[in-house]
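Visitor: Dropping a structure here in structure tokens format, bear with me for questions.
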Amino acid sequence: MMAGQKPPPWVHAAFLLCLLSLGRAIEIPMDLSQPPTITKQSVKDHIVDPRDNILIECEAKGNPAPSFHWTRNSRFFNIAKDPRVSMKRRSGTLVIDFRSGGRPEEYEGEYQCFARNKFGTALSNRIRLQVSKSPLWPKENLDPVVVQEGAPLTLQCNPPPGLPSPVIFWMSSSMEPITQDKRVSQGHNGDLYFSNVMQQDMQTDYSCNARFHFTHTIQQKNPFTLKVLTNHPYNDSSLRNHPDMYSARGVAERTPSFMYPQGTSSSQMVLRGMDLLLECIASGFPTPDIAWYKKGGDLPSDKAKFENFNKALRIISVSEEDSGEYFCLASNKMGSIRHTISVRVKAAPYWLDEPKNLILAPGEDGRLVCRASGNPKPTVQWMVNGEPLQSAPPNPNREVAGDTIIFRDTQISSRAVYQCNTSNEHGYLLANAFVSVLDVPPRMLSPRNQLIRVILYNRTRLDCPFFGSPIPTLRWFKNGQGSNLDGGNYHVYENGSLEIKMIRKEDQGIYTCVATNILGKAENQVRLEVKDPTRIFRMPEDQVVKRGTTVQLECRVKYDPSLKLAISWLKDDEPLYVGNRMKKEEDSLTIFGVAERDQGSYTCVASTDLDQDLAKAYLTVLGRPERPRDLELTDLAERSVRLTWVPGDDNNSPITDYVVQFEEDQFQPGVWHNHSKFPGSVNSAILQLSPYVNYQFRVIAVNEVGSSHPSLPSERYRTSGAAPESNPTDVKGEGTRKNNMEITWTPMNATSAFGPNLRYIVKWRRRETRETWNNVTVWGSRYVVGQTPVYVPYEIRVQAENDFGKGPEPDTVIGYSGEDLPSAPRRFRVRQPNLEMINLEWDHPEHPNGIVTGYTLRYVPFNGTKVGKQMVENFSPNQTKFTVQRADPVSRYRFTLSARTQVGSGEAATEESPAPPNEAYTNNQADIATQGWFIGLMCAIALLVLILLIVCFIKRSRGGKYPVREKKDVPLGPEDPKEEDGSFDYSDEDNKPLQGSQTSLDGTIKQQESDDSLVDYGEGGEGQFNEDGSFIGQYTVKKDKEETEGNESSEATSPVNAIYSLA
């Protein structure tokens, strides 16, 4: 309810109840003498548990306090003679104790309580005491029930008569509930009705169960076993695939007929205020539908409910206008029938004017009225102090006129308790009303000077309970003013309460009530304070949210600051439990991670001690849909079937799609595959099927939030077989070794196999040859061909075949046998266009032995004995060129290049970069040739060379050997190669390599091609360039082998030796 709207219905109900209390007769204060009044008693039909002590209640008040006695079956019940029976202190309640033995059944009967003091006797209702009974089910042997398929069947329960009647339900002997629907259902009498029996009904047994209320025990009847006779077995697949399966199996269609009630008409009587239950259960095939109507009018929509799959009509709390003729209509495609039920509404007595206590002063007149209605019309019997009025002593001041007793000029002796008993064949009503004659001045019964706080604009009542006899008159005054408050915005009730119809601020003040009779007067004051109302000015709003989000509901309140405010929340009109997902603050409620269970109405209740305000909002949670249910297969055909389902709840988000999935039990049992997708607006679809598949379907609903859980699976449906209409896909031929070829393919699934014993015919032959096809039959998805040449192309075909035949002619696929390592790349060339880069080129291997996947280049720089870091480059199979950027102009490079297949890297080709060109030296010389210091140096060197040549010439002309032994005392070792002739070729210690040879960086010795070549000096192991570019070289002696052998004095030919000779 939005703030400021009309108050809820319970506010009006409470106010009406208050008005009724205002109109009640004034009660006598308990300190004054008065006859007894019954205040509490047991129900008329009192059923007790035999395991407990029996309690029969009877409470009464009076002054003096009343005494109690009981009758049982209209005879005095002597409690003192029965040790098991006692009466509660200051009460008439009976207690029957069975702890020391005894049978509760012995105490069954009709009890009535009498409460008596010197002013009269009050009576309780006649209480019928019954002990609850739960008798055992009689043991019986039940033969199997034999019935023809399609015929109707009733399994009778016949439960033992319990008190109260037991609750009946049907289960299997293994305590599984029997599934009920419009074909199979339980009647109100407890019997189980089959409108038509199907063969699947044999799959379980049927046991009737009775649950007794007091003992909380369940008794089970021996189970029924069904034997259904049929013309064809249920698992006959050819009949299950028939479009009209039941007619194909010989189940005859029948028009409806009524199983309960039988015939075309019946009648039913119901008492006013009770529920009317009408029931119609019909047989027939197909199962009939039931509809309900009322002759000459409509069904009472506010009280009528349909139950048990429309087989029962319940009208709640019937009244006389619900009498009439009702009929049910049972129909199927074969026809329809109706059954008419004549309903008569009777009534036990009910009060029109219940007698009330009469308080009179001596000499006053009064009357007691006892008026009731019923069908048939009830009779009225008056009693006084529990005795029939006609047998009571005569009273000239009393006159009986049917349902009324008139009293005139009453005296003290007229005090008594009168009973009115009105009854018909359906029940009775008993009421007590006393007549009290008192002479009492006015008195106030409430505390003095009360403070009453009220809310602005509300309807308010100021109470002023009083008593006096004769009944005093009561007047109200405000703030001591002399005018009586009655009329307009004020109204004074019989019991003295003052009602202010709408409170205003000016109504605040002190109110005085004054009660007056002939014996005196009494007064009391009430102080009234007016408070501002509590109002919710910012209310929670309706929201639509997705599951898992956070939502906040606001509730901001304005209230009177002198009052204490409390804010609480209701969900679906019940107190809200604020769990750990919720946070309640002063002006809001926050829900984190909203779930489906959070959907509903939320009410903010802002309350003070005086009033409250409510504001309600509805939270709608968008969730995944509920799963579809009740899947059914119809229109069964060779290659199609119609699937129908019942949609589940969309959980506030419309269903956009349905996904139909299937499972088959041959290739992948238990694995579900998507079959098709349909719009969310349909619940029935034709599914196209493949041959020889034992289908089972399920449906998934989809909305914007997500997908539902899958439905329960449908029944299975197997299609007939056929030859394959396709062949396997993704056929490949690849070698796993160099001498084989593995043929693989994607196997066909259940929907493409089309028949049993699926297999594959594999064919292959060398490409571009006239060889005959090799073939083999395979049941798997691979076959290995052995003893093949390396990397040879083959033509491959794979064809599907089952027991119904072969698939279409397959396509030819080219595959290759296994690969091997490739040969080295051809024509590997290294070119050095300048000192900054080196160009590499090569051709593809002559024998690739497979698909070349790339090239690997490894190269390392070297300079003399120094070797740099190896570098690796990988190239694509199409790349045949590469350029290396030199790190310096002096180092050379050694290159190793190999090709790769999927087997690995093959034979490598190796080359080295050439030495730096001569131009480098010449150019460097040209750069310094013009320098003065260089010219002087060259001149000095030229002069030195000239001197050396002259010395050498003189020495050569002299001949002979240089006597080493004469110059040095150190003897030659035996290992000295010159020991024989005593000569020795002197050379520099740093020039360790043999004459005429050069040591490379890798430690090998290479023969020089020329002794005189300037290149030898520039590229030699010891030849280097200075930082300024000048050449620093060292001449080494190179002996000519032939000359050494022929001329022993040839050792002096070296200029260096000549210089040392001079020394």
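Cβ coordinates come from backbone N, Cα and C, glycine included.
Just so you know, TrEMBL annotations never went through curation; they're auto-generated.
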Visitor: In TrEMBL, which of 482-501, 582-601, 762-781, 902-921 is tagged region 'Disordered'?
Guide: 902-921
Visitor: Taking contact to mean 3 or more CB pairs closer than 8 A (sequence separation of 6 or more), are the domain 'Fibronectin type-III' (627-722) and the domain 'Ig-like' (533-620) in contact?
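Guide: Between the domain 'Ig-like' (533-620) and the domain 'Fibronectin type-III' (627-722), which are separate recorded stretches, there is contact, as judged by 3 or more close Cβ pairs.
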Visitor: Pairs 6 or more apart in sequence, C-beta under 8 angstroms, 3 or more of them: is that satisfied by the domain 'Ig-like' (349-436) and the domain 'Fibronectin type-III' (724-820)?
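Guide: When sequence-distant Cβ pairs are counted, the domain 'Fibronectin type-III' (724-820) does not touch the domain 'Ig-like' (349-436), since fewer than 3 lie under 8 Å.
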Visitor: To what whole number does the mean pLDDT across the domain 'Fibronectin type-III' (627-722) round?
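Guide: The predicted confidence over the domain 'Fibronectin type-III' (627-722), as a mean pLDDT, is 94.
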Visitor: Considering only the recorded stretches 138-225, 533-620, 724-820, 824-920, state which has the highest number of Cβ pairs under 8 Å to the domain 'Ig-like' (256-344).
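Guide: Ranking 138-225, 533-620, 724-820, 824-920 by Cβ pairs under 8 Å to the domain 'Ig-like' (256-344) puts 138-225 first.
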